[in-house]
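Annotated in TrEMBL:
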COMPBIAS  447-457  compositional bias 'Pro residues'
DOMAIN    325-400  domain 'PDZ-like'
REGION    435-465  region 'Disordered'
Amino acid sequence: MTLTWRESLERVCAAVVSVRIDAPRPFDTEWNGSSQATAFVVDAEQGLLLSNRHVVQPGPVVAEAVFLNHEEIPLRPVYRDPVHDFGFFRYDPAALRFIRPPALRLRPDKALVGTELRVVGNDAGEKLSILAGTLARVDRPAPLYGSSKYNDFNTFYLQAASGATGGSSGSPVVDIEGDVIALNAGSRTQAASSFFLPLERVLRAFELLRAGQPIPRGTLMTTFSYTPFDELARLGLRPETEQACRAADPGGIGLLIVDKLIPGGVTDGLLEPGDILLRVDGEFIPRFVPLEAHLDASVGQTITLELERGGRPLTVRARVHDLHAITPSTYLEVGGAILHDLSYQRARNPQVPLTGVYLANSGYLFAPLDLDRGAVVRAIAGVPTPDLAAAEAVLGSLPHGAPFMVRWVDLDQPTREHVTVVTMDRRWFAMTRSTRDDASGRWPSTDGPPPPPPPTRTPVTTNLPPSDDVRVQQVQPSLVTVTCNIPYKIDGIHATRFVGAGLVVDARRGLVLVDRNTVPIALADITLTVAGAVEIPGEIAFLHPHHNYAIVSYDPALLGDTPIRAVDLAPRPLHPGDPVWLVGLKSGHRVFAQSTAVAAVEAVDLPLPRPPRFRAMNLERISLTSATASLGGAIVDSEARVLALWAGFSYQDGKDHRVAEYGIAADLFAEAVEIFRRGESPIVCDLGVEFGTVTLAEARHRGLSPETAAELEGHDPLRRQVLVVQRLAAFARGWQAGDLVLRAGGATVTSVREIERSLRGGRVTVHLLRDGRELELEVETRPDDGRGTDRVLHWAGALLQAPHHAALIQRAVPDEGVYISLYWYGSPASRSRLRAARRIVAAEDRPTPDIDSFLAAVAGKPDRASVRLKTVDLDGKVDLLTLRLDLEYFPTYELRRTRDGWIRIEHS
């Protein structure tokens, strides 16, 4: 009986499922991420689904299928081919309650040029799409997706103009009888061309899998290409050989030639690129399928290859290698980085030996040093690392904070070797080894050994570089390079590594003043470099919430007799035209001094970043008539006394993050420095207000009386400005946007610094102009100890914290709820669109004003349980979403700052 498309597609659609994929870890050629694709039932009794290799994933994967009737069921990966783009999932048929899907037949023999076909899947993420086409080619070369990406090889592909796009991966390509003739795998974005994987080797793997047998895969570590006879003739193929081959394969137009070899592989030294393959163990092999059939049946055995090289017959014997053995199935996590054995898939394109450890993700351990994904580590701490076991043994023996050398190459430039010094991390991230378990489809992990105790630091003495410049001689003993490495991006921070200049303000106690472009948040590792010769650790002691400076502490004993001394602060006002000197620090601890002058002293007004992050406000910036670009430094007078910190001001310009250099008057930080020198900690009285300025002329238009205008003009005859309330935090009571500030604490004010000086005892009386009427108001402040965010929770792949100061003041975010700083791709947070800069205000219908209440609301939830979350974005829009936990790959833990530093606390 002849079927119609409508009849066959009705059956096909019932077998097709939408697959939601979460890849929780980068691995081999694949990144971590959440996506959607297609699979289809090939055995309904055993619950086997066929899809692409890049859907099943070579690394860890969490997947679920949604059937045609919207029943949802978890999937377990059971096989992914080492080379070809196919793999299998398994589901539990008994778990399906309302649908009994049919199994589709695999019929590679029906893939013929001219066959009308349909691609049935989830094109572009749609629940179900049916794309039509005609099979145009059955001998297309395998598509090339990129040299560093997954690429199929040693196979033909089929081609049709069906216009399939993302989401169609893994779709069945069916004929009018509903038989699967190919597997949709990829497409060309600039055209309607779609690429399909032929099913001959898929069918063989499926039959073995269904029978419960292993799936042997053999390889010669050689890439072959199908080359037409005209090109073969130019390579030296003898005419009599061509005649015999054409007679043996009447439909063939060419033969296989050697294209790429792996150095040190089983055929290295035996085969050469351009060799023409004729026979294997006496059998004529004109195409890929018989070659692979022979190799898969000969794993561990020696086979005979008959070839022609430059017109000369050649016979070689080679041992067939196990393809699964050179496909990684285990990985090591350390310092947030992911390492595994170099795979054949990644070694093949650059043609490098299959030795070394591949860096799948640089993490915190390697990222600050530009040692990125795609690197192959050949030695660690002087010990060769031919495989992951060797790398794990060396890394496990290193204590936290220990520096070690890494010898590595980049696969994009494999002939150039690099040596990089890395600092070991065992504090921020756990060290674990995960290995694939094909029975469960999971990658269970085991903890690494506990780190050895850190070695005792010994003092190091160095001398300062010589200089003929008097001002360099005077300031250089107080200049250090500050490096800030950030393991977790909280508080909206946009990068993970910052470098700047610091000024020693107390050599006896070990205190360094630095800008917040260099030290933006509290959760960080600080390193101080003295004279370009000695590195010592530092600790963040204070972060001013507004004024763009931080104070870092260090142990002075670690510097031995190094001639370090504190700067002499001279907190006096600066005015345009004042002659000054800029003493700055460049990379490599190159100190310079430059004669210049003050160009302007004006209020800082930087664009708002998105999402909110630290942004300097409520201070005046000092511009110079000329300034050499630098890491920072100091503006000094003729006697080398510090008038201002020369600082970087970070801001966002559209999507770009930029830094401008200005001076911060010593008056703004001198008091805090003096408090630290007394062994105390400063407290900032925070009004929760960002002030701007308007001219006296505009203030008159807003209702300013002539008498008050004259009073303000007399108070500040140069600037002739009035302070205006620009933004308010939710905790700032009594203020309104647009208020003009006339007096504070009974005194006339025209600068924010004058208001700050009036803040004593936590409250102040202000005299305002609001809507044309003057009024008096008593306002309160909130104490800020300068510690910054000191508690962070990792939950479901998201970083949660209390709403940070920048969010409170820039977007008036209420100081309640759990703020989302970051989420990891491939996590439940990513899948459920739990986006950054939102607040979770309720979980499981229970309010969550803080982290403790949130933990209580989600306590006891098992792995894969669903959690209902109520979230609010920066604009106050409410959203309700559900999230399914993944406690295996994204366990719950928190980072908490104690008196002894940051600690990591695991939550069961």
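In case you wondered, yes, glycine gets a Cβ from its N, Cα and C as well.
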Which residues, given as numbers and ranges, are at least 6 beyond the ends of the region 'Disordered' (435-465) yet have a Cβ under 8 Å from it?
59-60, 75-79, 90, 329-334, 392, 395-402, 424, 426, 476-477, 530-534, 536, 557-563, 589, 591, 888
Residues of the region 'Disordered' (435-465) by DSSP state, where helix covers H, G and I
0 helix, 6 strand, 25 coil
Summed over the domain 'PDZ-like' (325-400), the DSSP helix, strand and coil counts are 23 helix, 23 strand, 30 coil
The mean pLDDT across the domain 'PDZ-like' (325-400) is 96
